[in-house]
Amino acid sequence: MSMTTETSTNKIQVRDLNFYYGKFHALKNITLDIAANQVTAFIGPSGCGKSTLLRTLNKMYQLYPEQRAEGDILLDGNNILTDKQDIALLRAKVGMVFQKPTPFPMSIYDNIAFGVRLFEKLSRADMDERVQWALTKAALWQETKDKLHQSGYSLSGGQQQRLCIARGIAIRPDVLLLDEPCSALDPISTGRIEELISELKKDYTVVIVTHNMQQAARCSDHTAFMYLGELIEFSDTDTLFTAPRQKQTEDYITGRYG
């Protein structure tokens with residue numbers, strides 16, 4: 001299905017995207033625009049394809065030979081689905097945070113510095129500054145500044161997820177993908193992540209997958225509702241939740257789905 005937003009700047013343009021797990025047709029003719037420096041949410045029931053769509057945006061599926069995408073995904077006008085796309089550079093520009101916190105088995109400091117070292121050669125002073133900058137952006141600096149050399153595993157679940165966000169933005173990407181980042185967190189940690197998402201859009205284009213419709217309503221500027229691999233409706237978030245155009249969307253957001 002084709003749905004585009006009316007905005008002066010689109011960071012990502014998805015055109016006629018189809019995706020396959022082997023012979024299974026998981027995404028069907030998806031077309032949508034993702035606006036720069038805004039938060040776009042993908043919602044829908046389990047198995048609808050929202051996480052699959054998210055993972056096409058940095059070609060995460062290429063880790064699995066049986067998975068393939070067809071169509072076009074334009075990032076700043078360049079089609080990332082071509083064979084010429086440098087995967088390492090793509091993932092530097094399009095960072096990802098997963099459902100469960102995934103700190104590396106190393107210190108808090110090195111969790112942040114690890115990715116930076118892959119792309120930049122910084123002096124120790126500059127690296128210290130980058131680590132502080134990333135942790136500050138992720139609202140974690142005050143909680144970690146006196147224990148940077150402790151293990152990332154020493155942090156609470158909510159802190160670990162903010163560490164993963166800090167790690168993702170440390171390499172200064174353009175886009176940040178969040179795959180259900182709060183599903184394993186308590187309400188207080190969830191609230192802090194949601195506040196952080198609102199702050200991050202000042203500097204990044206943010207795309208979030210969530211099962212929590214209230215979270216999508218609170219955090220996002222645009223929302224896409226998906227069902228069985230199809231894009232059913234895509235609009236600004238207020239419109240989708242208060243005046244949906246499609247009955248399927250209305251049934252889902254009012255709890256009459258199924």
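Here the Cβ of each residue, glycine as well, is placed from N, Cα and C on the backbone.
Predicted, not measured: the structure shown is a model, and the values here were computed from it.
Annotated in Swiss-Prot:
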DOMAIN    12-253  domain 'ABC transporter'
BINDING   GLY44, PRO45, SER46, GLY47, CYS48, GLY49, LYS50, SER51  ATP binding site
Check: same-chain CB within 8 A of ATP site center, minus GLY44, PRO45, SER46, GLY47, CYS48, GLY49, LYS50, SER51: THR52, MET226, TYR227
Cβ neighbours within the same chain of CYS48 (ATP binding site) - under 8 Å, at least six residues apart: MET226, TYR227, LEU228, GLY229
Candidate with sparsest Cβ neighbourhood (10 Å radius) among SER46, SER51, the listed binding-site residues: SER46
Same chain, 6+ residues apart, C-beta under 8 Å of the C-beta of GLY49 (ATP binding site), given in sequence order: PHE19, ALA26, LEU27, MET226, LEU228, GLY229, GLU230
For the domain 'ABC transporter' (12-253), mean pLDDT (0 to 100): 95
